[in-house]
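**Q** The structure under discussion is supplied below as structure tokens; questions concerning it will follow.
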Amino acid sequence: MSVLRSLLTAGVLASGLLWSLNGITATPAAQASDDRYEVTQQRNPDAACLDCHKPDTEGMHGKHASVINPNNKLPVTCTNCHGQPSPQHREGVKDVMRFNEPMYKVGEQNSVCMSCHLPEQLQKAFWPHDVHVTKVACASCHSLHPQQDTMQTLSDKGRIKICVDCHSDQRTNPNFNPASVPLLKEQP
């Protein structure tokens, strides 16, 4: 055993001597640079959703298609608003947020919108936001995926007509549920 240990020690010493004779030296490490790198997504995060929900593969339309999510500073994706689907989603399980559906309470639906659209800004933009925020789903009046939100193109007269139509239904139907107003119902 001592012969083996002697040979091993001699080998280590010989290799150290060989390196020193060949001029191998250590060089200082390069200074850390101030370069900043930006993380880019390698795949479309909406690809799985678009397989079934947008067969034309145009992707998300309208204002939400080109904005940055203020919460994570990344482009808005399907899951930002609709949530993460379960593995059973492709089999038809309704496990993501479907706006303007009675199965979700107004507060649940609107809390998704309010995570980016601050109530103070909405209140300044148009006073009915303040009045209806807890009673009517945002999707009752606003389209989510068209090229242009219908409410943005309506004249004041058109907006008043929507108010009158909805409030007329409310007066004539005691079971009226403002969360299920089908003005601009989104199709899956």
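Placed from the backbone N, Cα and C atoms, the Cβ positions cover glycine too.
I grabbed these lines from Swiss-Prot:
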type	residues	note
SIGNAL	1-32	signal peptide
BINDING	Cys49, Cys52, His53	heme 1 binding site
BINDING	Cys78, Cys81, His82	heme 2 binding site
BINDING	Cys113, Cys116, His117	heme 3 binding site
BINDING	Cys138, Cys141, His142	heme 4 binding site
BINDING	Cys163, Cys166, His167	heme 5 binding site
**Q** Express the distance between the Cα positions of His53 (heme 1 binding site) and His142 (heme 4 binding site) as a whole number of Å.
**A** 19
**Q** Quick check: of the binding-site residues listed here (Cys49, His82, His117, Cys166), which one has the Cα closest to that of Cys141 (heme 4 binding site)?
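**A** Result: the closest of the binding-site residues to Cys141 (heme 4 binding site) is Cys166.
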**Q** Please report the distance from the Cα of Cys78 (heme 2 binding site) to the Cα of Cys49 (heme 1 binding site), rounded to the nearest angstrom.
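**A** Checking the Cα atoms of Cys78 (heme 2 binding site) and Cys49 (heme 1 binding site) gives a distance of 7 Å.
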**Q** Should any of the binding-site residues Cys49, Cys52, Cys113, Cys138, His142, Cys166 have a Cα within 10 Å of the Cα of Cys81 (heme 2 binding site), which are they?
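**A** Close binding-site residues: Cys113.
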**Q** Do any of Cys52, Cys113, His117, Cys163, Cys166, His167 (binding-site residues) have a CA within 10 A of Cys138 (heme 4 binding site), and if so which?
**A** Cys113
**Q** Cβ neighbours within 10 Å, counted over all protein chains: which one of the binding-site residues Cys78, Cys116 has the most?
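**A** Of the binding-site residues Cys78, Cys116, the most buried by Cβ count within 10 Å is Cys78.
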**Q** Determine the most Cβ-crowded residue among the binding-site residues Cys49, Cys52, Cys113, Cys141, Cys163, using a 10 Å radius around each Cβ and all protein chains in the structure.
**A** Cys141
**Q** Measure from the Cβ of His117 (heme 3 binding site) and count the other Cβ atoms within 10 Å, all protein chains considered.
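**A** 16, counting other Cβ atoms within 10 Å of His117 (heme 3 binding site).
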**Q** If you count CB neighbours within 10 Å, which one among the binding-site residues Cys81, Cys138, Cys166 has the smallest count?
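**A** Checked Cys81, Cys138, Cys166; of these binding-site residues, fewest Cβ neighbours within 10 Å: Cys166.
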**Q** Among the binding-site residues listed here, His53, His82, His142, His167, which has the most company in the form of other Cβ atoms within 10 Å of its Cβ?
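**A** That would be His142, with the highest Cβ count within 10 Å.
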**Q** In angstrom units, rounded to an integer, how far apart are the Cα atoms of Cys163 (heme 5 binding site) and His142 (heme 4 binding site)?
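**A** Given the Cα positions, Cys163 (heme 5 binding site) is 13 Å from His142 (heme 4 binding site).
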**Q** Three-state secondary structure of Cys116 (heme 3 binding site) from DSSP?
**A** coil
**Q** Could you check what DSSP calls His142 (heme 4 binding site) once collapsed to helix, strand or coil?
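**A** SS state of His142 (heme 4 binding site) = coil.
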